[in-house]
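Chemist: One structure, as structure tokens, below. Some questions next.
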Amino acid sequence: MLELDRLSRRYGDVVALDDLSFTVRPGQMYGFVGTNGAGKTTAMRIVLGVLEPDSGEVRWNGTPLDQAIRREFGYMPEERGLYPKMQVHEHLVYLARLHGVSGITAAKAASELLEALALSERASDRIESLSLGNQQRVQLAAALVHDPTVMVLDEPFSGLDPMGVDSMAAVLRARVDAGAAVVFSSHQLELVERLCDAVGIIRAGRLVADGTVDELRGTAAHRYRLEVGAPPGWTASLAAAVPGLSLVEDGDHTALVELPPSADDQTLLDAARALGPVRQFTPVRPTLAELFRSVVAEPAASPDGSEKAEAA
Amino acid sequence: MSRAVSFREAATLVAKREFGQRIRERSFFISLLITLGIIAVVVLLPRFSDFGSDSYDVALVGDSSSLEEAVSRQASIADDEVSVRLVPDVAEAEQAVRDGDIDAYVDGDTVVVDQSLDESLRAVLENAYSQVEGARALESAGIDPAEVTAALTSATLQTVTLDPDADEREARGAIAFFGTIVLFGQLITYSMWVAMGVVEEKSSRVVEVILATIPARALLAGKIIGIGLLGLVQLALIGGLGLVLASALGAVELSGPMIMPVVTALAWFVLGFAAYASLSAAAAARISRQEDLQNVTTPVNTLMMVSYFGAFYVFINQDSPVAGVLSIVPPFSALIMPLRMARGDAAGWEVGLAVGLMLALIAVLVVLGARVYEGAVLRMGAKVSLKDAWAARRRVSS
């Protein structure tokens with residue numbers, strides 16, 4: 001597995017990474033989310049050896065990374081980069097060969113990838129003649145053409161149309177199911193929630209949440225939508241009856257309330273029933289976007305449960 | 001599947017890409033054709049100008065058939081083309097000279113020209129005149145005119161050449177001088193290609209993908225070798241086709257001594273390119289945009305320009321001590337030593353010393369260039385200072 005262990009990196013006075021640690025297992029798709037400038041790109045560049053950390057190290061199966069291990073890695077940088085004048089297929093073959101793949105195998109792998117990404121007809125076109133979306137698909141193919149065991153993809157989905165997202169996601173899913181470890185960064189949180197087995201949220205160079213989306217939900221405050229047949233003002237009585245309860249939305253008959261992670265929801269239900277007939281009692285599962293907002297909005301030194309570090 | 005890639009394999013793959021991509025570009029063939037075109041013009045020009053300078057039209061006034069005969073004879077000895085016609089009237093002859101129809105007319109003991117009398121025409125006319133006048137004087141002294149003519153015409157000087165190779169050496173020097181011009185063009189063009197290639201990789205960010213895979217030095221080495229090989233191939237084509245062209249047009253004879261300067265130029269291209277390309281690559285790695293290229297490569301190009309003008313100086317002042325020094329001191333030797341070698345002016349030890357010093361300089365430049373390149377190539381944005389590039393190893397700003 002891929003371990004980032006206490007990585008720190010600063011640019012002058014700016015702290016880009018501060019003791020960042022997380023782990024990606026083979027067969028796992030890991031979503032790496034954070035605000036702009038949170039340190040995602042810096043972390044990824046360190047993994048690929050394009051940048052050196054001030055301290056900390058990255059290991060693969062317990063061994064610190066070197067050029068030989070990184071040969072098995074695939075990398076899609078944030079700033080897309082290919083030779084504009086090279087033909088698509090020949091470019092992919094070239095990159096695969098730099099990774100040590102034989103010419104014949106490389107040609108076959110390149111053709112298969114172009115097929116999967118619906119780019120077969122453009123195989124002999126120059127990169128510069130492709131649309132940006134298609135260039136991005138080629139960039140993904142470039143990261144995958146040598147059949148890497150670890151893929152590090154910086155914003156692979158940004159700017160793609162839904163079909164592009166689907167074909168790229170399918171290609172990645174197939175690699176993960178075959179045992180590859182994939183870590184990608186993204187701002188499209190619905191997409192991350194849908195695709196990823198685990199998610200890490202980074203803020204100001206620190207990992208502030210790490211785990212499956214369900215685990216992140218487990219650590220977050222629990223929300224319930226309540227509808228109670230009681231006169232207005234019942235919510236205030238409810239809040240008084242349940243310690244730690246906070247009102248998110250307050251209506252005449254319905255309310256959205258939040259309980260701390262440790263609280264028992266049956267206490268809430270009992271308290272509500274004491275006020276009148278309970279017509280609705282629905283746990284509201286927060287989306288990753290909501291989790292993200294709540295985690296990122298917290299003060300930096302918040303010692304809440306969100307620093308849970310184990311990914312299962 | 002995949003296996004470890006050695007430094008050499010990585011550099012070879014990069015070199016193959018550089019060579020293969022660039023040889024397919026139209027600009028490669030266009031520059032080849034232009035250079036060959038220039039060679040053709042340079043070879044042909046003197047031939048055209050020859051026709052102008054060595055053929056004359058002369059008029060003789062009055063009955064001077066014996067002079068006419070003598071002029072023709074002298075012209076053939078001097079290897080000039082002189083067409084002679086007899087004109088009865090002085091005024092007519094003068095008008096013809098004024099109009100430029102003829103170069104000169106001879107009236108009795110006077111030659112009349114419009115502005116100046118060409119030296120070689122003067123020699124022909126004076127010889128012919130003194131021959132005719134001498135014969136007439138001897139004749140009037142009672143000697144048989146036929147005997148006089150026979151005696152005078154058979155008396156020609158034999159030429160013994162003490163330095164029979166001089167012509168050939170001149171020809172080789174000329175080839176080498178022209179070779180210097182081509183060599184300069186190749187060095188400046190292909191060093192620029194290295195610089196542009198480095199910046200292209202930075203500006204397109206492909207360098208990050210490549211360097212996640214292979215070491216920076218392998219990329220640098222492959223790029224310089226690939227582009228250098230292409231330059232060498234083009235130079236060999238120019239040299240080969242140029243010689244064939246020149247011999248087909250009769251300017252030189254294809255022989256070992258004539259081919260040697262071309263081979264020497266090729267060898268010096270390899271040395272010069274290694275030095276200049278290392279400098280160019282290091283300079284280009286400091287910037288991220290093609291627009292800034294001129295700015296950082298100017299010192300390298302200036303060095304080449306100085307060598308180039310040095311070569312002109314040496315061509316004109318072959319025996320000056322400065323010529324000897326410039327031909328030994330790198331990197332000037334890359335353009336100047338081939339010139340002296342072709343003319344046979346350089347002693348063996350001078351060549352050996354020049355090559356040795358050049359190799360030493362290359363070794364230093366490769367080490368320095370590679371370190372600056374490695375320190376700067378992944379730093380995007382503003383120009384990287386030499387100091388930062390030197391100190392930083394992969395300390396990259398995001």
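Glycine is no exception: its Cβ is also placed from the backbone N, Cα and C atoms.
Positions annotated as transmembrane segment by TrEMBL: B:27-48, B:174-199, B:220-246, B:258-284, B:296-316, B:351-373. Among the features that TrEMBL reports, domain 'ABC-2 type transporter transmembrane' is placed at B:27-370.
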Chemist: Is the transmembrane segment (B:258-284) close to the transmembrane segment (B:27-48), in the sense of at least 3 CB pairs under 8 angstroms with a sequence gap of 6 or more?
Modeler: no
Chemist: Give residue numbers and ranges for long-range contacts of the transmembrane segment (B:220-246): same chain, 6 or more residues beyond its ends, CB-CB under 8 A.
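Modeler: Non-local partners: 7, 10-19, 22-23, 28, 31-32, 35-36, 39-40, 43, 175, 178-179, 182-183, 186-187, 189-190, 193-194, 197-198, 252, 254, 258-259, 262, 265-266, 269-270, 273-274, 277-278, 281, 369-370, 373-374.
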Chemist: For the transmembrane segment (B:258-284), give me same-chain residues lying six or more residues beyond its boundaries with a C-beta closer than 8 angstroms to one of its C-beta atoms, as numbers and ranges.
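Modeler: Distant Cβ neighbours of the transmembrane segment (B:258-284) are 168, 171-172, 175-176, 179-180, 182-183, 186-187, 190-192, 194-196, 198-199, 220, 223-224, 227-228, 231-232, 235-236, 239-240, 242-243, 252, 293, 296-297, 299-300, 303-304, 330-331, 333-335, 337-338, 341-342, 355, 358-359, 361-362, 365-366, 368-370, 372-373, 376, 389.
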